[in-house]
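J.: Pasting a structure here, questions to come.
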């Protein structure tokens, strides 16, 4: 990433994030803005008086635009909050069907017949593995879910999200049935944003998972046989971190002091935070509002179709560029051929032997090769 451009670079932003303090970040951004303002003022000073007046008029228009945009963000937030409340009854109905709290029309008879069976535990309630399947059908989340995670995620009953105001951001709540993996009934992930309207993440915090002994999915235990002749005959055990969806609840930690981290580590931290935000926003914006479409796979197909359309557009643009380049290459080749023809003509004209005491080429019209001293130098 280049640090030479006038816009905010990652190094400045990361330094602010590393400080872990909102006020410090604001100061960094203000200082950056001040520097940019100085550069821009130099630009306007170099303009002629008439052009400078026109630019000032444009800046006034931009100010009006920014004021309208601020109102847009304010009204959009209010509108989203309004509809978020309207969605809640629908989410409640979905929860009840998925978890077998209520039965839908047409399924009552089947359930009643199943109740007569001796093994009532075999009766399926609701929609088994609903959230697990929905998340696995999403490309971003599928990469995070391991086979070991799947059994635990089958106990996931619901996912909800809500806005938070102080500080700005949002939180995700994952509701679990009683399960053999951890004690928590709710796992929460909270994102604190620098600006709610711009996806600039300040930090993320999450519930600490209370794993039952030997059930932690984010760690694996390696056992090594003791060396031959060793007094200790017991195998050596070593615990290592491993890939798991539940690492989502151990977000990247931002150091309190920016001096505790070097530039490479800061960039890696920035990448991890962006990836973490991508997972959270995918759950908030895609999975929760369209869960059944992800469960059936329809949403994945739509996503794939959109991706193909984008790739086709990119391919068309690349093809156009390639055609333009080919035409330019052909024109260049034609120009080169014309230059070569002109050069050959000049060479033929200048190939007439000068008067000298040396013997010229054979005069009998035969195409014998000229002696070396007669060749055009």
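Each Cβ is built from the backbone N, Cα and C atoms, and glycine gets one as well.
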J.: Can you dig out which of the ranges 15-30, 31-46, 47-62 Swiss-Prot describes as motif 'Nuclear export signal'?
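T.: From Swiss-Prot, the annotated motif 'Nuclear export signal' range turns out to be 47-62.
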J.: In Swiss-Prot, which of 211-216, 217-222, 223-228 is tagged motif 'Nuclear localization signal'?
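T.: Per Swiss-Prot, the stretch marked motif 'Nuclear localization signal' is 223-228.
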J.: Any residues 6+ beyond the ends of the motif 'Nuclear localization signal' (223-228) with a Cβ under 8 Å from its own?
T.: 234-238
